[in-house]
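These features come from Swiss-Prot:
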- 4-224: domain 'Radical SAM core' (DOMAIN)
- Arg13, Lys60, Thr90, Lys151, Arg250, Ile251, Arg252: GTP binding site (BINDING)
- Cys20, Cys24, Cys27: [4Fe-4S] cluster 1 binding site (BINDING)
- Gly64, Ser114: S-adenosyl-L-methionine binding site (BINDING)
- Cys245, Cys248, Cys262: [4Fe-4S] cluster 2 binding site (BINDING)
Amino acid sequence: MIDRFGRPLEDLRITLTHVCNFECFFCHMEGEEGDNYILSKEDILLVAKVAKNFDINSVKLTGGEPTLRRDLVEIVRGLKQLGYRDVSMTTNGFLLKDLAYKLKLAGLDRINVSLHAISRETFKKITGVDAFDRVIEGIKSAIDVGLVPVKLNFVVNRRNREEVFKFIELSQNLGVNEIHLIELHPVGLGKLAFKEHDDLREIEEYIEKISIKKQIRKKHFRPRYVLPSGLIVEVIKPYANPIFCAGCNRIRLSVDGKLKTCLYREDNVIDILDILKGEYSEDVKEELLGRAFMIAIAIREPNFKYKI
């Protein structure tokens with residue numbers, strides 16, 4: 001499906017829970033400010049089933065921390081049984097060592113691990129948890145079982161800026177495929193922490209100089225730099241960036257049962273909780289959810305637009 005701004009809808013991003021075992025001071029919480037109402041596995045899979053009718057073929061599972069859901073493996077298996085080409089997950093990696101193999105068997109295709117520091121001290125300052133070594137073990141387990149490409153997310157801020165290039169070195173040594181250097185943006189807890197925002201321009205300019213190839217990714221038109229080692233460095237700058245918004249191809253299912261058309265906005269969401277919890281047959285629910293998707297696509301628009 002194409003929205004009225006010519007943007008294809010290809011990706012469903014599902015928040016499985018707001019609960020997390022870390023306390024990162026900048027967490028954007030997927031732009032959600034509602035209660036931690038947890039949709040059932042059946043609710044999630046029903047929405048995903050309807051989304052397939054709109055040519056959505058990719059699902060990203062997020063949180064909070066998705067590995068805290070006891071039915072995570074079953075959800076992944078259900079999504080693959082629906083025929084999704086790509087099922088991936090973003091995790092803090094704390095429980096990944098124990099879950100990686102089970103998730104791979106269930107059909108998880110690839111994984112993003114949030115790693116915002118390269119030292120135990122900085123890691124604890126950012127997350128509130130002394131778990132750097134445990135997360136590294138989780139990353140190694142993901143690589144070993146074949147959850148590839150393994151991508152590492154690094155939110156750049158004033159507390160970890162000096163570790164960026166050592167982070168690139170660590171990533172190369174670990175054998176990961178790709179890293180994302182992400183701008184801190186004022187969403188969720190990031191609103192309170194935006195004073196820690198750090199401009200990525202100088203970092204990106206240096207990475208471009210040492211790279212052997214520059215690519216532009218279709219999603220969000222993100223710049224990607226291939227280093228001589230083969231590591232891909234993707235720079236993600238969503239805030240006040242109309243180019244980023246012009247390439248957005250996703251819709252979100254919030255933890256409290258809303259179709260959310262933009263990370264930054266709460267004024268153009270479609271509440272589908274009553275449909276999911278209503279006493280309707282599954283056929284009727286599918287029809288009503290289909291209508292909800294149509295409305296969501298109709299009202300979907302870039303938050304940051306080009307000024308003409």
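Numbers here mean position along the shown chain, with the first residue as 1.
Using the three backbone atoms N, Cα and C, a Cβ is placed for every residue, glycine included.
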Integer Å distance between the CA atoms belonging to Cys262 ([4Fe-4S] cluster 2 binding site) and Arg252 (GTP binding site): 8
Cα within 10 Å of Gly64 (S-adenosyl-L-methionine binding site) - qualifying binding-site residues among Arg13, Cys20, Cys27, Lys151, Cys248, Arg250: Cys20, Cys27
Under 8 Å by Cβ from Lys60 (GTP binding site), counting only residues of that chain that are 6 or more apart: Asp11, Leu12, Arg13, Ile14, Ser88, Met89, Thr90, Arg250
Nearest of the binding-site residues (Ser114, Cys245, Cys248, Ile251) to Cys27 ([4Fe-4S] cluster 1 binding site), judged by Cα-Cα distance: Ser114
Shortest C-alpha distance to Ile251 (GTP binding site) - which of the binding-site residues Cys20, Cys24, Ser114, Cys245, Cys262: Cys262
Shell of the [4Fe-4S] cluster 2 site beyond Cys245, Cys248, Cys262, same chain only (C-beta within 8 angstroms of their C-beta centre): Arg7, Phe244, Thr261, Leu263, Tyr264, Arg300, Glu301, Pro302, Asn303, Phe304
Pairwise CA distance, Cys248 ([4Fe-4S] cluster 2 binding site) versus Lys151 (GTP binding site), rounded so that it is a whole Å: 19
Cβ contacts of Lys151 (GTP binding site) (under 8 Å, same chain, 6 or more positions away): Arg110, Ile111, Asn112, Val113, Val176, Asn177, Glu178, Ile179, His180
Ser114 (S-adenosyl-L-methionine binding site) and Cys245 ([4Fe-4S] cluster 2 binding site), Cα-Cα, nearest whole angstrom: 23
Tertiary neighbours of Cys20 ([4Fe-4S] cluster 1 binding site) (same chain, Cβ under 8 Å, six or more apart): Cys27, Gly63, Gly64, Glu65, Leu68, Asn92
